[in-house]
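Enquirer: Take this structure, written in structure tokens, and hold onto it; I'll ask about it next.
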Amino acid sequence: MTGKYMPRTVILGVIGSDAHVVGITILEQALSAAGFEVINLGVQTAQDEFVSAAKSHDAEAVLVSSLYGHARQDCEGLHDELDDAGLDVLTYVGGNLAVGQSDFEETQATFRQMGFDRVFDAETDPEEAIEMLREDLQLTTTEAEQIRVDG
């Protein structure tokens, strides 16, 4: 071991039948620039693909995106699958999560009850989500920046 800081691995993808790719592309670039190793599963990703990727890459977080308004249906059971696989990872969900979403606090509560650690709307700045990810992983900005310097 060289003593060099190893980047934290996160899994990123658009769940279900959703084919919106722009948001996760922007998020992937922002996460990479912040020093994370990003495994981008792309669009129309099944729950088992998130679970398999998290397990095979020893990920610390699974970031789920959905913009077409059916995230609740697509995410139902995801945490059961993660638990069944023996994975203890942070889970974030973000986007336009519910059709006709008018009360985001209600949407947040729904997804928190489903087991998500953080819930974001489509207007969330990537830097805000990254800062929360650093906080949740107890990762200092200095450590993340060191990846870019050494990497």
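Cβ coordinates are placed from backbone N, Cα and C, and glycine is handled just like the others.
As annotated in Swiss-Prot:
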- 7-140: domain 'B12-binding' (DOMAIN)
- S17, D18, A19, H20, V21, S65, S66, L67, N96, L97, A98, V99, G100: adenosylcob(III)alamin binding site (BINDING)
Enquirer: Using a 10 Å radius around each Cβ and counting other Cβ atoms from all shown chains, which of the binding-site residues A19, V21, A98 yields the largest count?
Expert: A98
Enquirer: Once near-sequence residues are set aside, which residues in the chain of G100 (adenosylcob(III)alamin binding site), 6 or more away, have Cβ atoms under 8 Å from its Cβ?
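Expert: In sequence order, G69 meet the Cβ cut-off.
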Enquirer: What are the DSSP helix/strand/coil residue counts across the domain 'B12-binding' (7-140)?
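Expert: So the counts come to 55 helix, 30 strand, 49 coil.
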Enquirer: Looking only at S17, S66, N96, which of these binding-site residues has the biggest number of Cβ atoms within 10 Å around its Cβ?
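Expert: That would be S66, with the highest Cβ count within 10 Å.
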Enquirer: If you average per-residue pLDDT over the domain 'B12-binding' (7-140), what number do you get?
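Expert: The average pLDDT of the model in the domain 'B12-binding' (7-140) works out to 96.
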Enquirer: Grab the adenosylcob(III)alamin binding residues from the record (S17, D18, A19, H20, V21, S65, S66, L67, N96, L97, A98, V99, G100) and give me their largest CA-CA distance in Å.
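Expert: Taking every pair among S17, D18, A19, H20, V21, S65, S66, L67, N96, L97, A98, V99, G100, the longest Cα gap is 21 Å.
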